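> Pulled these features from TrEMBL for this protein:
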TRANSMEM  A:6-23  transmembrane segment
TRANSMEM  A:35-52  transmembrane segment
TRANSMEM  A:78-98  transmembrane segment
DOMAIN    A:130-418  domain 'NADH:quinone oxidoreductase/Mrp antiporter transmembrane'
TRANSMEM  A:135-154  transmembrane segment
TRANSMEM  A:166-193  transmembrane segment
TRANSMEM  A:213-232  transmembrane segment
TRANSMEM  A:239-260  transmembrane segment
TRANSMEM  A:275-293  transmembrane segment
TRANSMEM  A:327-348  transmembrane segment
TRANSMEM  A:360-386  transmembrane segment
TRANSMEM  A:406-427  transmembrane segment
TRANSMEM  A:462-485  transmembrane segment
Amino acid sequence: MTRVLPPLPVLLPLLGAALTLLFGRHARAQRAVSLSVLAAVLVVSVALLVQADRNGPQVVHVGDWPVTLGITLVVDRLSALMLVVASTVTLGVLVFAVGQGTASDDETPLSIFHPTYLVLSAGVSNAFISGDLFNVYVGFEVLLVASYVLLTLGGTGPRISAGVTYVVVSLLSSLLFLASIGLIYAACGTLNMAQLSERLAELPAGTRTMLQVMLLLAFGIKAAVFPLSAWLPDSYPTAPAPVTAVFAGLLTKVGVYAILRTQTLLFPGGHVDDLLMVAAALTMVVGVLGAVAQRDIKRVLSFTLVSHIGYMVFGIAVASQTGVASAVFYVAHHIMVQTSLFLVVGLIERQAGTTSVDRLGGLAASSPLLAVLFFIPALNLAGIPPLSGFLGKLGLLQAGAQDGSVLAWSLVGASVLTSLLTLFAVVKVWNKAFWRPADQAPRSPEAQEADALMHAGTAPRVMVTSAAAFVGVGLALTVFGGPLYGLTDRAAGDLLDRSPYVSSVLGGAP
Amino acid sequence: MTASLALVVTSVVLYSAGLYLLLDRSLTRVLLGVLLLGNATNVLLLASGGESGGAPIYGTTPEEEMSDPLPQAMALTAIVITLGVAAFLLAMIYRSWRLGQESLEDDPEDRIVASGIQLAPDDVNYVGAGPDDIDPDGDLTDGLEDGLVPYGPVEEARP
């Protein structure tokens, strides 16, 4: 049984993608297949999490090749937690997308959407559970190619020009990753991460640092860490709402996961931790300043997305038990919050015909439910106590204070500032879009057209329910913050100790 | 491990040519750049396998004379992936050509910032044009060309 479960989060969506391609003309069959596949993946992920937490990392050597020769799948606490969060997000967003699809004849061609979406989910799972650097690359490519298609769905002008930037930047990062894989193989003669963690330590310090920095650059582009983040706010907001939600929630976090895994497992000991701290501080501050300057809700959220990646890098850079545990907690929290915010913005756009704060107004009066759905995750994003964003930030601040160096303290300062500015940015959106009376909002001709077409307040119930469910899950992270933090704490212990991962992969082998 | 100098030099030349092409604004050249970079990486992968030897098939070559099969497998995978991505890029380039944007455009937001135009204050009269024309949902350049008159001289700001 233990050997059956780990490959399923990759296999099931791929099989589902094939099925949905076959059912290309039967929208109902497609929906049934994708929903049941992703629900099954969620169940499997939860089972894996329970197993990994009770019995240690679950390891499968695919095809029974000798250890370190073939592909290894490793599900430890961190991977299992990421799998659970990721499959929750993909399932929930799919429900939202299905609700949107049935309610309107959007120009988005749904027959392509389902297979691509499932392939994306398979790629994300593969990147999370792979125990082999090259297989991580394959996972990245699978999810990236799927994301290229999703981002350019429909092939309209703005989507294509956003897609060009996104595709070229992602390609560059993949090639950098592949080149570093080649160099690592040349230096160590293996790509199995457990074995690498032993062999990399034997390399000369200069070589090791070069390999580490190359990997960090490649993953930094994917995770949108500051100097490498300019592509994100330009490409995400143009995609359809469910696509943006799942990209914003998941894709950057795959990069963060890769940074976390390689930093803790392959390059412990912190040669470039100071560099990471500087990058984290700049990511936070520059990102949030961008958010404050924006006037479109989607762009505000995209910039806060960049900015809050800085918090996770902060935790990784401090590299203490508290730091890593809080970073993992923050990843889970941020995936949920960012996804729910983007879904709610999708609802706003549907209802009001625009997402520009200059033209929105009176939403709190016209649709109180939407206002509540926006308000809770927005405060959560800013880290208002007692919500989960506060818990994660508190842990990070503690880790920074324990570290005690000047850099760590300035990071603490930067993260408090970022938190305040995030609050400022979301409150600005709230005041304009929700709080001010509708008659003070200048109505654009487009908005009036949209009103006439869609009648305010007719967002389909499925979409609202799914967005509400995300907000609920975000609140659940707060309520169950204790047990969740306990889990991430144990995961951080495993990561920093390294021996559970290494010994469960290599077994008795020397 | 000894690496072949010829392979390393080839890969360096391919990398520099690819990077040069990647910096071009024309999408077709960007595609060529990506292809060169992909091939450079494949050559690098091959070089990482060390000395070349006989075919790594059990029974045909003595074990100590075999070349390392793993980098070859990785290069093959990478070639397939590059092929798929190149096909997608070609489709996208064709699509942008149909839409009349063969080369990378100026970022409209950049252009606005560079021209020093004041973005809509709250009390701007929105009849006709407004900041939503910079909204990614709309057609970005159209709004500018059709004259966002309230905001100042866009035309002069262009290079």
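Note that Cβ sites are derived from N, Cα and C of the backbone, with glycine treated the same way.
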> Restricting to CB pairs under 8 Å, which listed stretch, A:35-52, A:166-193, A:327-348, is in contact most with the transmembrane segment (A:462-485)?
A:327-348
> Go through the chain and flag residues at least 6 beyond the ends of the transmembrane segment (A:35-52) whose CB is under 8 A from any CB in it; none is fine as an answer.
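Residues packing against the transmembrane segment (A:35-52) from afar: 2, 5-6, 8-9, 12-13, 15-16, 58, 75-77, 79-81, 83-84, 86-88, 90-91, 94-95, 98, 118, 121, 125.
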> Which range out of A:166-193, A:213-232, A:275-293 gives the transmembrane segment (A:406-427) the most CB pairs under 8 Å?
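Checked against A:166-193, A:213-232, A:275-293; highest Cβ contact count belongs to A:275-293.
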> Taking A:6-23, A:135-154, A:166-193, A:213-232, A:239-260 as candidates, which has the most Cβ pairs under 8 Å with the transmembrane segment (A:78-98)?
A:239-260
> Same chain only, please: residues at least 6 beyond the ends of the transmembrane segment (A:6-23) with a C-beta under 8 Å from a C-beta of the stretch. Say none if there are none.
29-30, 33-34, 37-38, 40-41, 44-45, 48, 58-60, 62, 73-75, 83, 87, 114-116, 118-119, 121-122, 125-126, 128-129
> What parts of the chain pack near the transmembrane segment (A:239-260), using Cβ distances under 8 Å and only residues at least 6 beyond its ends?
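78, 82, 86, 89-90, 93-94, 96-97, 100, 106, 108, 117, 120, 124, 127-128, 136, 140, 143, 147, 150-151, 153-154, 159, 162, 215-216, 219-224, 232, 298, 301-302, 305, 309, 312-313, 316, 324, 327-328, 331, 334-336, 338-339, 342-343, 345-347, 349-350, 495.
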